[in-house]
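Down below is the structure, laid out as structure tokens.
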Amino acid sequence: MTSDEHPLIPRVLIFDSGVGGLSVYQEIRQLLPDLPYIYAFDNACFPYGEQPQELIVERVLRTVAAVHQRHPLCMAVIACNTASTISLPALRKTFSFPIVGVVPAIKPAAAATRNGVVGLLATRATVKRPYTHTLIKQFASTCDVRLLGSAELVQLAEEKMQGKEIDKERLRAVLQPWLDAKPCPDVWVLACTHFPLLKAELQQLAPTGVQLIDSGQAVARRVKSLFSDELLATAQGLSEPNRAYCTHWDEKTATLASLFARENLGQLQPLLV
């Protein structure tokens, strides 16, 4: 990344359709605590896993452009598996700054499994994408990969972030095909950024010895690799605040304000897209 490819302030955008991208933001911020972050979520079209492909690409482009117009960006992280599988080419064609996507952690899961059975937990859209099946053929061809698509888990993660108690029976019902399987997958790939927010609850319901794997740390390392030491040094001592934006404001969205404040993302604001 050269000096003419980034603004003076090394801002990083974290984008999702909901709050799931916070799991990725947390990993990146832990590795790069001095950078100024903007979290934007397109809740007007939430959940992306249930939307047409063309609409998702359009909404991602429009939202990233709206943020970039207000606050010139240094990088954008598409912290949504569904959006990443279909929108990255259009984003990279439109914007000159680096675009980082989220890829299901199939490769490390294939290396970690002991019984050869890997579970891929994702949105229904990600489960159907040819991109996902290409990754499986490329990195897990010797494994029995079982795909489970769920919009219910996305909703449960959103409810947890709103401060609601998780109904374990709703969660168990989603996982029942794996819980009943003989053998059960011994590695579960959390292939939606919402799902790490439910990691504690998932681990409680999973059989003993099941390992949960997500892409958060790998994405954080990728983000760091794209910054020069010189540019990272400019972030130290900056007074630039973190920010949070949503594309739709209602009573439900208002309940998330305290969540973003706790995540050091400032006051949640509406963004016209």
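Each residue, glycine too, has its Cβ placed from N, Cα and C.
Curation plays no part in TrEMBL annotations; they are all automatic predictions.
What TrEMBL says about this protein:
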BINDING   Asp16, Ser17, Tyr48, Gly49, Asn81, Thr82, Thr193, His194  substrate binding site
ACT_SITE  Cys80  active site, proton donor/acceptor
ACT_SITE  Cys192  active site, proton donor/acceptor
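Structural mapping of features recorded in TrEMBL.
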residue	record	contacts (Cβ under 8 Å, 6+ apart)
Asp16	substrate binding site	Leu22, Val24, Phe41, Asp42, Ile78, Ala79, Cys80, Ala83, Thr193
Ser17	substrate binding site	Phe41, Asp42, Asn43, Cys45, Phe46, Pro47, Tyr48, Cys80, Thr82, Ala83
Gly49	substrate binding site	Thr82, Thr123, Arg124, Ala125, Thr126, Gly149, Ala151, Val154, Cys192
Asn81	substrate binding site	Val102, Val103, Pro104, Ala122, Thr123, Thr126, Ala191, Cys192, Thr193
His194	substrate binding site	Gly18, Val19, Gly20, Ser23, Leu153, Val154, Ala157, Glu158
Output field, substrate shell: CB within 8 Å of site CB centroid, site Asp16, Ser17, Tyr48, Gly49, Asn81, Thr82, Thr193, His194 dropped: Gly18, Gly20, Gly21, Pro47, Ala79, Cys80, Ala83, Thr123, Val154, Cys192
DSSP-derived structure type at Thr82 (substrate binding site), helix or strand or else coil: helix
Packing count at Cys192 (active site, proton donor/acceptor) (other Cβ atoms within 10 Å of its Cβ): 33
Cβ atoms near Tyr48 (substrate binding site) (within 10 Å, other residues, all chains): 27
Cβ neighbour count (within 10 Å, all chains shown) around Thr193 (substrate binding site): 32
